[in-house]
């Protein structure tokens, strides 16, 4: 572990690691051969100084090399966020993924249990009856038959167990909070990617581009949500055709009313599952509005809608026609088969 000590000394000095050095350092971290003290010191020093783009690229490369992959159809996307916005909101990206899949775009959703909220994607899907922690073959079947799968991070990133105790002991977020969302096991190249810190938006979009993504909307709500929000404007950094573009979205521009954070506040997995089911049954409320907005973005990123307004309209129709309800029912059935 002399090489890791060298990398630790570089980070502790305040200097950045090269992409190759970061890849090597995270290979060591994920191998389980680094002591807890060394791992804690390394992650703390990185967090205090702030991670460079090359360090994130190297770290994600190490994560992806060790993950359990899933075969996904061409054109599959993910709708995911870094979490950590402490909003306690409904499971927006989960419902948006269901709506997007109901519109014919395969969604390889990657997520975990709750970190800073009461209900993560894994929690609410389990409450809805979806079997969690499936092997790659079963997930490929979900994608083929339901157009949607849920890849449980703990199943696909087993090497994370080596750093989990250290992360639990540290009273702050580390680079690993962004590595999971950047390491989709299905290798999707189109994403709606929510960030809880506005400073992350541009660098993480560039990281995704470096790692092979072709079309990305990285979003941060003005209220702090790691989603496209309906309480006000959302800042977007878009990767399209190799170019980067910055713009702001307002839900009123696509016919959706403004909401408050209280309107979007959820509860435990059972509460959120009931709310999600109610939307699929036709309930019109703030949860529906924010979900169709994010699904609309997913359709744009997938190339299945020419504008956000068109994407939102298609997501609305997926609910009203019962298609979205059918997508969830198929996912529940196939995942438990």
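Glycine too: its Cβ is placed from the backbone N, Cα and C atoms.
Lifted from Swiss-Prot, the feature list:
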type	residues	note
BINDING	81, 84-85, 89, 91-94, 109-117, 121	5-phospho-alpha-D-ribose 1-diphosphate binding site
BINDING	81, 112	anthranilate 1 binding site
BINDING	93, 227	Mg(2+) 1 binding site
BINDING	167	anthranilate 2 binding site
BINDING	226, 227	Mg(2+) 2 binding site
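Secondary structure from DSSP puts residue 113 (5-phospho-alpha-D-ribose 1-diphosphate binding site) in coil. Between the candidate binding-site residues, 110, 113, 167, the densest Cβ environment within 10 Å is the one around 110. Residue 89 (5-phospho-alpha-D-ribose 1-diphosphate binding site) and residue 227 (Mg(2+) 1 binding site) have their C-alpha atoms 10 Å apart, to the nearest angstrom. For the binding-site residues shown (226, 227), fewest C-beta neighbours within 10 angstroms: 226. Within the same chain, the residues at least 6 positions away from residue 81 (5-phospho-alpha-D-ribose 1-diphosphate binding site) whose Cβ sits under 8 Å from its Cβ are 93, 181, 193, 194, 195, 196, 226, 227, listed in sequence order. For the residue listed as 'anthranilate 2 binding site' paired with residue 110 (5-phospho-alpha-D-ribose 1-diphosphate binding site), the C-alpha to C-alpha distance reads 20 Å. Non-local contacts of residue 112 (anthranilate 1 binding site) by the CB criterion (under 8 A, 6+ apart in sequence, same chain) comprise 120, 121, 122, 152, 153, 154, 180. For the binding-site residues given as 89, 93, the lowest number of other CB atoms within 10 Å of the residue's CB is seen at 89.
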